[in-house]
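Novice: Annotation comment: TrEMBL describes His307, His353, Asp408 as active site.
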Amino acid sequence: MAFFRGLTAVSRLRSRVTQEATTLGGVRWLQMQSASDLDLRSQLQELIPEQQDRLKKLKSEHGKVQLGNINVDMVLGGMRGMIGMLWETSLLDPEEGIRFRGLSIPECQKVLPTAIEGGEPLPEGLLWLLLTGKVPTKEQVNALSKELLARSSVPAHVYKAIDALPVTAHPMTQFTTGVMALQVESEFQKAYDKGLSKTKFWEPTYEDVLNLIARLPPVASYVYRRIFKDGKSIEADNALDYAANFSHMLGFDDPKMLELMRLYVTIHTDHEGGNVSAHTGHLVGSALSDPYLSFAAALNGLAGPLHGLANQEVLVWIKSVIEETGSDVTTDQLKDYVWKTLKSGKVVPGFGHGVLRKTDPRYSCQREFALKHLPEDPLFQLVSKLYEVVPPILTELGKVKNPWPNVDAHSGVLLNHFGLSEARYYTVLFGVSRSMGIGSQLIWDRALGLPLERPKSVTMDWLENYCKNKAA
């Protein structure tokens, strides 16, 4: 089966070196690994057999246990709340938000390695955590940074494929084209064509995923510079980490912007398996499509206005507020504009979520970043006013289960402050980030031998007849 809420295999993956948890300042602390083992693939190779055995035991002992009831509202309402997918890397709780392998965002900010003291987590550290369930050392993160850099060379034909498109094509169209062009490099496809045991499927998948993650920043920055900077590309800086190098290739070297990019990539990596992009990547991957094909499909889902494109729409909407009311907007003017938006049949972008019922922790950590680095920014101050104004109005409507801001409500304002003001590009940033979560889970899909997904669909006639027979 497929879908919706990702289920983290009965409980979260625990490393043999993290069995004992202690509490430090109220934060669940995972014992650090030995700095001597810097190879991520070796770590996985040790973990996979025990997790394969765990899955077999789970299925044999509890395979017939029911996980809930399905009603017609669920079938007609986007299948929300229906458990139907195994997703190991993260779990989304409606009240507390996302947890990456059991760790909340504030906990990740405290325990994951950083580039500077007291800074934001390095995305490479979260990638290690997603794949292994272990908090890496700084040495392990540095080694992974170097490995990704070594894998980051992009074949010339990829850029030629992008250049074949009109420069006016949406950035996501150009980005996805680049990913599809990378597919001819797939190690999984080559190995599968030659003949490969199912127990080894994860190995070329690992190679593809690491290569894909490594090559996305050069491709994504090429798209940005092609569209918005007259095609003048910037070479990578081999001394920088993954997110900082991405920011550099885009053309932004302010140390605060480098920190923002580390935070942005980290918090956008994964959001369990039920969202459109994650589920699409998982579904396509279940057909044994290679990671490039799977991720390209995921990107096309991410490009939808109800998913990743929302972060583009938020900044556009905020700027429309200023255009109509002026920069010194009052609370009453803001209330009027919000009501005007709602009465026109539109939504206020950046508020509400399909699962969350509280303020998105990804919004909260971005707000903290803004309070620290750009408290006087006019757009940030407007976002703060919206936080006070919008939820009561949406609550008054009585139609919204979650009136609180989500991750998209804040990210565009931060990027805009440091000069990345081209809102049409924002979903590409989201896509680069999400590769880590989708790719990590795809490796585990292969390692655990998860099957082809084939959920059952029905017609309205079937539903009507079923309900009539049930009532009789």
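Placed from the backbone N, Cα and C atoms, the Cβ positions cover glycine too.
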Novice: Report, as a single number, how many Cβ atoms besides its own are within 10 Å of the Cβ of His307 (active site).
Specialist: 18
Novice: Between His353 (active site) and Asp408 (active site), how far is it from one CA atom to the other, in Å?
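Specialist: Per the Cα atoms, His353 (active site) and Asp408 (active site) stand 10 Å apart.
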Novice: Are there residues of the same chain, six or more positions away from Asp408 (active site), whose CB falls under 8 angstroms from its CB, and which are they?
Specialist: Ala310, Asn311, Glu313, Val314, Pro349, Gly350
